[in-house]
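Read through the structure below, which is laid out as structure tokens, and then see the notes.
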Amino acid sequence: MKGCLLIHGYTGGPFEVEPLAQRLQNEGFYTLCPILHGHGGIRKNLRYSSCEKWMKSVEDAYIELSKQSDEITIIGYSMGGLLTFQLAHKYKPKCIVTMSTPIYCIDFKNLKEDLLLKIRMRDVQRLKEYFYSCFTPMVANLNFRILLHHSKRLIPQLDMPAMIVQGKKDPIVKAKSAQFIYNEIPSNEKELYYYENSNHQLHYSSEKDMIYENIIRFVKQYG
């Protein structure tokens with residue numbers, strides 16, 4: 001049976017990729033959505049985690065999935081895309097898919113404008129969520145940066161079919177990240193998709209059905 005490993009993003013959880021996993025299951029794929037070390041609870045727990053522990057989480061999941069599937073596709077959302085590069089370099093899956101994956105990340109100007117808009121709208125709940133998100137431990141943010149640095153250097157060595165997906169309205173990951181990934185991957189079987197009306201949370205965008213259909217087509221073709 002063909003399998004798909006779906007990796008969630010930084011400070012997120014499997015819920016970010018489970019909607020796509022369900023679609024893939026409906027198409028006959030065996031899927032696995034591991035939770036990264038330190039995730040799934042309150043953010044201060046991330047201070048006890050590291051990029052090495054995140055990598056071990058997905059590596060253990062890949063090995064577990066390989067017991068059920070001999071042909072594996074790795075799909076990474078946001079930071080999960082960086083972990084996808086790490087895994088793909090080591091295990092050489094059939095193909096990879098990255099979604100909203102950072103190379104050039106966090107446009108602080110957009111985040112500031114978003115915060116000002118929330119203040120003007122007196123959106124108290126959203127403001128609470130915003131300030132809470134700022135309390136991610138600095139050591140975790142440093143580990144994220146280390147992972148980005150090391151993963152970026154691996155991309156030119158990933159000679160396998162690849163799909164890169166990016167929302168044009170993403171305020172966190174700059175759109176040129178996707179073009180960088182596309183340019184650096186040496187495979188001739190690669191596809192780049194920008195979605196005009198999607199932000200960072202591709203799984204909740206108005207274009208998600210189109211996004212999922214494209215990913216499923218790609219995985220069926222190359223996975």
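Indices start at 1 and increase along the chain as displayed.
Keep in mind that glycine also has a Cβ here, set from the backbone N, Cα and C atoms.
Database features, via TrEMBL:
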type	residues	note
DOMAIN	5-138	domain 'AB hydrolase-1'
ACT_SITE	SER78	active site, nucleophile
DOMAIN	153-204	domain 'Serine aminopeptidase S33'
ACT_SITE	ASP170	active site, charge relay system
ACT_SITE	HIS200	active site, charge relay system
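Counting in whole angstrom, HIS200 (active site, charge relay system) lies 5 from ASP170 (active site, charge relay system) by their C-alpha atoms. Helix, strand and coil content of the domain 'Serine aminopeptidase S33' (153-204), in residues and according to DSSP, is 15 helix, 13 strand, 24 coil.
Taking a C-beta cut-off of under 8 Å and a sequence gap of six or more, ASP170 (active site, charge relay system) has these contacts in its own chain: SER100, SER198, ASN199, HIS200. Cβ neighbours within 10 Å of HIS200 (active site, charge relay system), excluding its own Cβ and spanning all shown chains: 21.
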